[in-house]
Amino acid sequence: MENGTYLYLMLFENIGYIRYAFFGLGFILYCAIVFFNALIIFAIFLERTLHQPMYILISCLSVNSVFGTAAFFPRLLTDLLSDTHVISRAACILQAFVIFSYATNENTILMLMAFDRYVAISKPLQYNNIMTPRILSVLIAISWIYPMLCIGIAGILNARLPMCGNKLWKVYCHNWEIVKLSCANTIVNNVFGFFILTTTVIMPLSFILYSYVKILIICRKSSLDFRRKAYQTCIPHIVILLNFSVALFCEVTLSRVATLDLPIGLSIILSLEFLIVPPILDPLVYGLNFPKIRKKIIWIIKACK
């Protein structure tokens, strides 16, 4: 195998029989993620009263979760049972593209959800004129296409780099780890990576923070009943946002800050949090906290029986 044509995922080496326990846990987690998110998607799709911007955006989160985890879990489970942990460079870049498209899509969708709640609470009378189906469709399309375009360009920039190594110390393919294997000048990749971080992570999070601060200011000046209804719809979004932000911060910090000296097990857990916790937590939070979604999910389960 030519150097740079294939990459080796080194963290799977010498893990012994514990691999079977990890396989079982990973398989259960993946099945749970697909099942819970599918319930959310079908509940919103089948119930016409849920064809509203807030619920449609919730279903987008579930679609994104299935999309992102499909690039991670099947490969992870295969590697756990395999004696060789080799992946072609093209397949590695493709996996990194899907995983980081998922991560950036999640941020932009959460930004749209914050915008939707801000409009609903600050301009309730104009809400239907602002969040029309056409505008919502355009916003959703942009929230998916722009991040994926950025990650795709980053993948192309990575693919042009000559490799001086072929060992990845990750359990999945990571854009920055691939760049670090190169023996060429990577300043273009670094600058573009910072551009992606700014436009798909920092700017959306700043807008989200601004939106919820404005919502809190409006709620403080409103009636108790208005505050109760506003908090009822906003708190689940904030829980999801905080969870994903912490998970993404852990992943970015671990991949970019080389001076961190953490136990290998803890490093793996923290780096995988954004791929495991949000996809399984999101549908549980929304399914349990929104009565309309919960009611339709119960109906679907009874219908299947």
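The chain as shown is numbered from 1 upward.
In case you wondered, yes, glycine gets a Cβ from its N, Cα and C as well.
A TrEMBL annotation is a machine prediction, not a hand-curated record.
Taken from TrEMBL, the feature transmembrane segment covers 20-46 (among others).
Marked as domain 'G-protein coupled receptors family 1 profile' by TrEMBL: 36-286.
Using a Cβ-Cβ cut-off under 8 Å and counting only residues 6 or more beyond its ends in the same chain, the transmembrane segment (53-73) has close neighbours at 26, 29-30, 33-34, 37-38, 40-41, 44-45, 94-95, 98-99, 101-103, 105-106, 109-110, 112-113, 116-117, 120, 131, 136, 140, 143, 172, 233, 240, 275, 278-279, 282-283, 286, 290, 292-293. Residues or ranges marked as transmembrane segment by TrEMBL: 53-73 (among others).
Taken from TrEMBL, the feature transmembrane segment applies to 93-115 (among others).
As annotated by TrEMBL, transmembrane segment applies to 135-157 (among others).
Taken from TrEMBL, the feature transmembrane segment applies to 191-213 (among others). Long-range contacts of the transmembrane segment (191-213) within its own chain (CB-CB distance under 8 A, at least 6 residues past either end) are made by residues 104, 107-108, 110-111, 114-115, 117-118, 146-147, 150-151, 153-154, 157, 175-176, 179, 234, 238, 241, 245, 248, 252.
If one looks beyond the transmembrane segment (234-258) by at least 6 residues along the same chain, the residues whose Cβ comes under 8 Å of a Cβ in the stretch are 61, 103, 106-107, 110, 113-114, 117, 121, 174, 176-177, 197, 201, 205, 208, 212, 215, 267, 270-271, 273-274, 277-278, 281-282, 285-286, 289-290. What TrEMBL records for 234-258 (among others) is transmembrane segment.
The transmembrane segment annotation in TrEMBL covers 264-286 (among others).
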